[in-house]
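> Dumping the structure here so I can ask a few things about it.
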Amino acid sequence: MGCSNCQPEIKTSLHSKDSNDFEDDVWGDDDVYVDANADVKRAHQKQGYLDGLASAQESSLQSGFDKAFSDGARMGAAVGKILGELRALGESESFYQATKELNIAKIMDKKYFDSELKIQKNHEVIYKWQKIVAQHLEDATKA
């Protein structure tokens, strides 16, 4: 793909001092040189910047995942316990309703997170169903 016998000149003059076209230049610029390696340097700098940015994002993402994973696992265990107890108690209507309300998309709604994206300590829907299960258990022990 590359050309054979291609060797870029390190510096190339855009115009010559001998050129009369630029003698009347208002700014009186000296020769302007273009570094043939400038594009390569710029590409390496850009890639280095992008690599650094990606690395920082990955570590930040991993940190966020590590913090949120335990909260998510705790919530998942609570939901599983609620559904398991309702199923074991034979409360099929409550079980059906709980599966709808405790759907992952619903319990992870943004309204249950604070401004720092931390889950509220007492998730209102999970707490509601824990109370319902407790009532069903109490009713079952009385019967």
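The backbone N, Cα and C atoms fix where each Cβ goes, and this holds for glycine too.
According to Swiss-Prot, the protein carries these features:
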- 1-20: region 'Disordered' (REGION)
- 48-88: region 'deca-GX3 motif' (REGION)
> Tally the residues of the region 'deca-GX3 motif' (48-88) by DSSP class, grouping H, G and I as helix, E and B as strand, and everything else as coil.
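When I sort the residues of the region 'deca-GX3 motif' (48-88) into the three classes, I find 41 helix, 0 strand, 0 coil.
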> As a test of reading the model: what is the averaged pLDDT for the region 'deca-GX3 motif' (48-88)?
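A mean pLDDT of 80 is what the model gives the region 'deca-GX3 motif' (48-88).
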